[in-house]
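These notes concern the structure reproduced below.
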Amino acid sequence: AEEAAVRVQAETVRRLKQDKADPDEIAKEVAKLLEMKAQLEGDEGKHKFVLKTPKGTRDFGPKEMAIRERAFKAIISCFKRHGAEVIDTPVFELKETLTGKYGEDSKLIYDLKDQGGELLSLRYDLTVPFARYLAMNKITNIKRYHIAKVYRRDNPAMTRGRYREFYQCDFDIAGQFDPMIPDAECLKIVHEILSDLQLGDFVIKVNDRRILDGMFAVCGVPDSKFRTICSSVDKLDKVPWEEVRSEMVGEKGLSPEAADRIGEYVQLHGGLDLIDRLLQDPQLSQNKLAKEGLGDMKLLFEYLTLFGITGKISFDLSLARGLDYYTGVIFEAVLLQQENEHVEEPVSVGSVAGGGRYDGLVGMFDPKGRKVPCVGVSIGIERIFSILEQRLEAAEEKIRTTETQVLVASAQKKLLEERLKLISELWDAGIKAEMLYKKNPKLLNQLQYCEDTGIPLVAIVGEQELKDGVVKLRIVATREEVNVRRESLVEEIRIRTNQC
């Protein structure tokens with residue numbers, strides 16, 4: 001009977017997979033099946049579990065981490081260059097903190113089981129926790145960055161850098177300032193980071209929620225449908241207008257006339273010329289929200305011209321960004337597809353950074369509803385990392401996974417004590433040093449280890465060197481060897497590694 005039950009359960013799992021049912025439902029039934037099998041086999045024959053990471057997650061080995069750290073370094077140095085402080089917040093929040101902040105994306109929030117009387121959820125992004133932090137600590141003015149993991153119950157496309165657990169790199173400016181100055185700085189930061197990482201050609205699309213809302217109003221969209229129509233428009237970078245139109249009309253009940261009027265606007269993109277044209281538009285110019293948004297957009301473009309980056313900026317009326325909390329300027333950086341000489345297929349990863357102004361979010365947490373205007377940007381590090389990884393793989397570039405400056409080696413046997421003394425001196429002086437964990441390693445093996453791992457220098461101790469009070473320093477790349485006085489070794493290593 002128990003075996004028959006296991007067969008029935010296995011058939012259920014197979015059918016669900018065939019029908020492409022909800023992944024969570026399949027996972028639940030698979031867990032049930034494994035449990036039944038374990039009971040059937042008893043303690044002696046415990047079921048063999050599959051060694052794998054959960055769906056939408058991955059391990060990062062030393063090579064991947066070296067590439068990742070290179071990207072983080074560029075991003076953090078940019079954030080610091082712009083005067084940001086760093087903060088951190090818990091990986092989970094009270095469920096009610098996150099509820100109602102993300103619009104249609106709220107279904108992707110990971111809820112945790114009730115633990116100790118609190119309903120908790122894993123954080124979905126770093127912006128809502130930041131707003132909660134500001135309200136809780138009554139902070140009205142801060143420029144901060146935050147790099148941490150966030151969680152989304154998404155259907156992951158891991159080849160394109162989409163995961164269920166991933167890092168976000170956020171920079172935000174909170175406080176009451178003159179219009180568009182902080183907003184322009186956020187766009188400058190995106191431009192600096194993408195240029196520094198050399199990911200290829202990119203464009204930063206900008207729009208304004210007020211322009212969108214004004215456009216929806218003049219096109220005849222009822223107030224109650226603004227947010228849902230907004231999320232349809234946001235799909236325009238992935239699907240053609242015809243599909244978006246049929247979703248608006250067929251699924252969301254918008255009139256065909258209103259949809260067609262929206263279509264005339266959302267297919268426009270340009271720069272200052274387009275802003276001026278829309279300011280003269282007989283309908284939009286009569287709408288207060290749209291007029292405000294267009295006025296600020298003009299000011300923003302003037303500042304971006306002074307920063308010298310308008311060549312990479314496109315005012316794009318199809319940009320909507322699905323999150324509910326945006327109130328003003330919104331932007332998204334997209335990599336332009338390019339043919340790569342090493343890769344037949346162009347690397348297509350979509351958006352690599354996004355953000356905008358959210359002036360009402362902090363007020364949602366403040367007991368008295370006090371608002372703190374905020375604008376921020378989030379760098380899509382996972383997608384950037386996917387590209388860097390593919391590029392380096394294609395170029396067959398050797399990645400160093402350590403920062404070791406020197407290997408302490410011995411030329412003869414019975415010199416372990418001398419190696420230990422020397423390496424300790426180097427460590428105490430702040431030099432990154434290694435040695436092989438053998439009493440009497442062969443010199444050839446020690447030199448080969450340096451070749452394999454990219455260590456640039458070898459400090460060789462031998463009987464003659466000990467008598468003369470020197471260390472033989474070998475430059476791995478050129479095989480040149482020089483005798484260095486023991487007391488000068490640290491300084492010599494520093495000079496040589498700066499040249500390598």
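Yeah, the Cβs are placed from backbone N, Cα and C, and that goes for glycine too.
The domain 'WHEP-TRS' annotation in TrEMBL covers 1-54. What TrEMBL records for 56-388 is domain 'Aminoacyl-transfer RNA synthetases class-II family profile'. The L-histidine binding site annotation in TrEMBL covers ASP125, LEU126, THR127, ARG152, GLN168, ASP172, ARG321, TYR325, TYR326. If you look up TrEMBL, you'll see 385-412 marked as coiled coil.
Taking Cβ-Cβ distances under 8 Å and a sequence separation of 6 or more, the neighbours of TYR326 (L-histidine binding site) in its chain are ARG209, GLY356, ARG357, TYR358. Annotation for the binding-site residues THR127, GLN168: lowest Cβ count within 10 Å of the residue's own Cβ, GLN168. It is ASP125, among the binding-site residues ASP125, ARG321, whose Cβ has the fewest other Cβ atoms within 10 Å in the structure shown.
Taken together, the residues of the domain 'Aminoacyl-transfer RNA synthetases class-II family profile' (56-388) have an average pLDDT of 89.
Binding-site extent for L-histidine: residues ASP125, LEU126, THR127, ARG152, GLN168, ASP172, ARG321, TYR325, TYR326, maximum pairwise Cα distance 21 Å (rounded to the nearest whole number). For the domain 'WHEP-TRS' (1-54), the DSSP-based tally of helix, strand and coil residues reads 36 helix, 0 strand, 18 coil.
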